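Here's the structure we're looking at; comments come further down.
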Amino acid sequence: MNKRLYSFSSKFEWFLIFFIILQPVIDLMTSFSIFIFHIDLTFGVFIRFGVMFLILLYILWVPLDKSKKKILFYLFLFGFVLIIGLINNMLVKDPFHLFSELRNIAKIAYVPIILFGYLIVIKKLKEQENIQKTIQRNIFISMNIVSLVMIIASITSTGIKSYESEKLGHQGWFFAGNEIGAIMAICFAVVVYYAVSNTKSWKTIYYWIPVCMLIFSQLAVGTKVGYGSVFIILVIALFIYLVEWFRFRHDSVLAKKYSVNLVVNSGVLVLFLLLTPYTPVAHNMNIHLSWVGLDQQQANLDNDNKTEESKNEIEKEREKAVENVLLSGREHFLAQHKKYFAEAPLSQKLFGMGYGGNYQKEGKTVEMDFFDIFFSIGIIGFALYIAPFLYLAYKIVTYFFKNVKENFNHEVVLFGSAVILGLGIAYTAGHVLTAPAVSIYLGVLIVYLYCTLVFKTT
């Protein structure tokens, strides 16, 4: 690699790390494009997919080694399968909308490219300095920007409503409520970790202010995802810091640090639980329960005059209602796509039905990412798509158990929780793997966890 190319490559690597901070700015630019200029091809689309293209070029420029050969082979094979699927849908799918199909393919391809790009970059920069701290700080700054926007929007009553119904909640000045909610949920664990890492005594508990700001922001959106994220991460943090305190109880400095953080964490969790009945998500849950008649079904179930058979039928209806509450009606779209897939020709079963399945009028996604990706790119495409995740998961778990005592620490547990939470949201609520604005955070966190465990052990 010549000097000019090496210089550009080095600058681009640091740009990708800085790119994390730019994410909320890009999201605000997207809102500006849609609401002011009324255009769908937003600044955010051009910037994100432009960077994706540059990452592809970067991967090609990096000096060839064994791992790069595998990455290039994978990307070539995955791209080839996506092209076959596109051509097949052009021939068998009616109606077929080329722009929607290309946009869908680009969103699906975004994650593997981001994943491998950041894997190479973080692995390379880790040899020079402690890149993990820079990534932690950049995610922390990014979430502070999001929180400030959400809080200002709340104070000025200028937030975009999360729902068109009587449900409460707003998404600040961000265009996609589900996406910004998923972003905050995934990154919340990182903000908690950063706060605890920098809170050494009672004098530095101000690092917990951004944690409280992000909690407020997630509750303001009014979704179950945000509420669940806060509760799960605060409980996990309380547990792991109790373990850390016990581990370092004979170290006066660390024992004091974890004692302070345990008290603050406990206080925040208790306050969060006490405020729950007054939050938008509690209001929205009550509305949703009334929509599906779950409250009435419970009353019928408790009626002693009902026969056993009637109670069984009511119980089945109740289970369906609970599923509807948890999945927000996505089970209906899932059933529709399963029908599309069952009726699709073999070529579409293998290479996918493209965006929205074999719809008649308008394409609708399930909004459960793994299902959407499976139906879009088929059995072969999905097997290739999931392969890097399975490989990295295998490596992470293997290296974790090589030295459980050392690896079972607050950094690995919280970052691991963020990754698992992100994948869980992708499975149940969507808008993670198929949303470039969200998937970049998940990709970075997966690579972070992988590099932390694998290279520390090796």
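Backbone N, Cα and C atoms are what each Cβ position is placed from, and that goes for glycine too.
A quick note: this is a predicted structure, and the numbers were derived from the prediction, not measured.
Under the heading transmembrane segment, TrEMBL lists 12-39, 45-64, 71-92, 104-121, 141-160, 172-196, 205-221, 227-246, 258-278, 373-392, 412-429, 435-455.
Outside the transmembrane segment (227-246) by six or more residues, the chain places 184-186, 188-189, 192, 196, 215, 218-219, 254-255, 258-259, 261-262, 265-266, 268-269, 272-273, 276, 279, 281, 408-410, 413-414, 417-418, 421 with a CB less than 8 A from a CB of the stretch. Sequence-distant residue pairs (6 or more apart) of the transmembrane segment (172-196) and the transmembrane segment (373-392) include fewer than 3 whose Cβ atoms are under 8 Å, leaving the two stretches without contact. Against the transmembrane segment (141-160), stretch 205-221 shows more Cβ pairs under 8 Å than any other of 45-64, 205-221, 412-429. Annotation: stretch 373-392 has the most Cβ pairs under 8 Å to the transmembrane segment (71-92), among 45-64, 205-221, 373-392. Tertiary proximity for the transmembrane segment (258-278) is limited to same-chain residues at least six positions away from its ends with a CB under 8 Å from its CB atoms, namely 192, 195-196, 199-202, 205, 208, 211-212, 215, 219, 227, 230-231, 234-235, 237-238, 241-242, 244-245, 248. Long-range contacts of the transmembrane segment (205-221) within the same chain, counting only residues at least 6 positions beyond its ends with a Cβ under 8 Å from a Cβ of the stretch, are 140, 143-144, 146-148, 150-151, 154, 159, 162, 169-172, 177, 180-181, 184-185, 187-188, 191-192, 194-196, 198-199, 227, 229-230, 260, 264, 268, 272, 275, 279-281. Among residues of the same chain six or more beyond the transmembrane segment (435-455), those with a C-beta under 8 A of the stretch's C-beta atoms are 19-20, 23, 26-27, 30, 44, 48-49, 52, 107, 110-111, 114-115, 118-119, 122-123, 126, 132, 135, 139, 176, 178-179, 182-183, 186-187, 190, 389, 392, 395-396, 399-400, 407, 411-412, 415-416, 418-419, 422-423, 426. Packing against the transmembrane segment (12-39) from elsewhere in the chain are residues 45, 47-48, 51, 54-55, 58, 117-118, 121, 124-125, 131, 134-135, 138-139, 141-142, 145-146, 149, 160, 173-176, 179-180, 183, 437, 440-441, 444: each is 6 or more residues past its ends and has a CB under 8 Å from a CB in it. For the transmembrane segment (45-64), the list of distant contacts is 1, 5, 9, 12-13, 16, 19, 26, 29-30, 71-72, 75, 106, 109-110, 113-114, 116-117, 120-121, 124, 436-437, 440: same-chain residues at least six beyond its ends, Cβ to Cβ under 8 Å.
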